[in-house]
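Student: I'd like to ask you about the structure that follows.
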Amino acid sequence: READHRAWTPVSYTVTRQNATVQGLIEGKAYFFRIAAENLIGMGPFTETTKEIVIRDPITVPDRPEDLEVKAVTKNSVTLTWNPPKYNGGSDITMYVLESRLIGKDKFHKVTKEKMLDRKYTVEGLKEGDTYEYRVSACNIVGQGKPSFCTKPITCKDEIAPPTLDLDFRDKLIVRVGEAFSLTGRYSGKPAPKVTWLKDDIVLKEDDRIKIKTTPTTLCLGILKSVREDTGKYCVTVENSTGSRKGFCQVNVVDRPSPPVGPVIFDEVYKDHMVVSWKPPLDDGGSEITNYIIEKKDTHKDLWMPVTSATVKTTCKVPKLLEGREYQIRIYAENLYGISDPLISDEMKAKDRFRVPDAPEQPIIKDVTKDSAVVVWNKPYDGGKPITNYIVEKKETMATRWVRVTKDPIFPGTKFKVPDLLEGCEYEFRVSAENEIGVGDPSPPSKPIFARDPIAKPSPPVNPEAVDKTKNSVDLSWQPPRHDGNGKIIGYLIEYQKVGDEEWKKANLTADSCPETKYKVTGLTEGSTYKFRVKAVNAAGESDPAYVRDPVEVKDRLEPPELILDANMAREQHVKAGDTLRLSAVIKGVPFPKVTWKKEDREVSPKADIEVTGVGSKLEIRNTVHEDGGIYSLTVENPAGSKTVSVKVVVLDKPGPPRNLNVSDVRSDSCYLTWVEPEDDGGSVITNYVVERKDVASAQWVAISSSSKKRSHMAKYLMEGTQYQFRVAAENQYGRGPYVETLKPIKAIDPLHPPGPPKNLHHVDVDKTEVSLAWNRPDRDGGAEITGYLVEYQEDGADEWTKFQTVPMLDCVVTGL
């Protein structure tokens, strides 16, 4: 049967010999054979060949070996390899025979003496520079077969080839922490290159985790259980004498991040929210942080509540807090590979914590010039939020409004040069601090400074001299220095020295006690002689002294009093009522005279203020009234004589009330008013009179004339029968005086006259003691209805008439005669 079939095929049934020829086999195929014996009884068991038999021609010598190649050449050796022949001649190869021929010779010589079955051989002991060619033959049981094709001529010399490198990895590799990774590749080169592995330019060596394996053609670096520190730039170097090649791989061993870096800073704390910040993790796990997860917890509870998980900033607002409760904040960092352990804050109470900055301390002013000054201050408490700006303000000392010196921010320095000052003006400065909450209170104002250039000491005063003296004092006078050193002269220092002494004594301790160019040195000893000197002082210091030319002997001198009148002591002084009367004069005399003020030779009013100084006297009366007018005299007297001056004072005021207001010629619609001018015209001509009337039943006075200069007025347009009151006041340029009123109301009616005599008086009847009389009405009633008739009788011869009775009718009976 064929080796690859299972079915058996019969060859012959009638073979009686112990051999047989099998026909019809196919060359090259493998077959199994079996034989069984048969007798009359039957067929016995088969016997099989033990192994397959390939159908071939009979055994020959092997074919020629194939692929003879030169693998390496040095100056004294050649290494060759080859493959077996395609056909071994039907019998196994027993050995190979390698032969060489020196170029230029005819014969090949056997290289190997021993039996060789390997298909690689290094021919050694050659001579450098010689050239050979090689061939190889295979031998089997039959004999030696044909030789292979010859190699090309090979010259013995060292062979070189620059390194090559073929890597199995890319430029970048990402590995999770704990996993293993390997970097592999192939290389070549002649001579055989040296392989070196580096990480971040440091040579790697094998240890428990790092494994390095190198074969003549392959290289491998393996790292077990990687850690974050394995992240880095890996480099493999393949180097021989002809050069080097490098391969790189950036390995990133990634993991979840480390926790955010604390502490948690509470940037803002309010009663209902907080703003917290933190620092990113020291290790982001090899992958950028995708977000932070922030949670809050009331310290009285165990439950953490989410705030946000969608922020990549390292700051977060934590809202919805309850005032007064304490909270903790915890923060996780997250990247593509996981969430870090948390950072947990300290406890913080929810309450308003920040405010505007405090007011800085009083600023100090330096480096003052005529148009600038440098303001320096200390940083105040910032109210819990960083100060972002300082506001510097200036104002002139007499002004009320503060002005910012610049709109630009002033930060972080705590000094500022203020420009654009006005030379000679006095300024104050103040500073406020600002944070994001707002602007704090301003500092106290600085000490005032004058805008002027720095000053030097002044020159000495000019021409000091003694202008007066008494038994214990000397009056000095001088002119200001020619140069004030660019600084205001604060004052002068006066010193004196008794002739014969060495020590100069100070007459005044401070310069500001003598701001004028004169000074009275007191406390001197009568009869002694003194020297004097004067120094000028400004802010920079004292000048050199200027000396009084001659020593001065201290003793009294007599000068009669002298009065130098001021303008308010002219012959007549007018002052408006309510204003202040001032009378003053300069007084001279040695010794200083006694001063006496009088009015009309009597003491002046107690309300007068009298002031006497060493150079004069002043009398002052505030809120003058008319009675303060009169003749005032000033008397000055000393042992050398006396002097008196007088001045007439007129206090100008409103006039007094008019006098003798009289009403006459009353009619039903008018009346005539007259009066006399006031006793006191107030010191000014009366300009006009004001006349007013009032209905008795009304409370309102009505002006009927306000410009009359006469002392009479016809009041017209009265209503008949109405009772009126009248009043008059005088006016001058200082105002209207008091009114004078009529004493009683005046009724607006025409004047009444007595009626005419009754007509036709006659008796009607006569009795012994009585007479009946009758008469007629008179011709005129005098302007009013007749109310009655008065009847009188007279005894004949008597002088007087006797009234009897007033009767309403035109008749009467006179009785009692």
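Keep in mind that glycine also has a Cβ here, set from the backbone N, Cα and C atoms.
What TrEMBL says about a protein is an automatic prediction, not a curated fact.
Per TrEMBL, domain 'Fibronectin type-III' is recorded for 1-58, 64-159, 259-353, 359-454, 460-557, 657-751, 757-817. Residues or ranges marked as domain 'Ig-like' by TrEMBL: 163-252, 561-646. What TrEMBL records for 455-480 is region 'Disordered'.
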Student: So how many of the residues in the domain 'Ig-like' (163-252) end up helix, strand or coil by DSSP?
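Tutor: Helix, strand, coil within the domain 'Ig-like' (163-252): 3 helix, 58 strand, 29 coil.
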Student: Out of 163-252, 259-353, 657-751, 757-817, which stretch touches the domain 'Fibronectin type-III' (359-454) the most, going by CB pairs under 8 Å?
Tutor: 259-353
Student: DSSP on the domain 'Fibronectin type-III' (359-454): how many residues come out helix, how many strand, how many coil?
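Tutor: Summed over the domain 'Fibronectin type-III' (359-454), the classes give 0 helix, 36 strand, 60 coil.
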Student: Taking every residue in the domain 'Ig-like' (163-252), what is their average pLDDT?
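Tutor: PLDDT averaged over the stretch: 92.
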Student: What is the number of residues in the domain 'Fibronectin type-III' (64-159) that are helix, strand and coil, as DSSP sees it?
Tutor: 0 helix, 48 strand, 48 coil
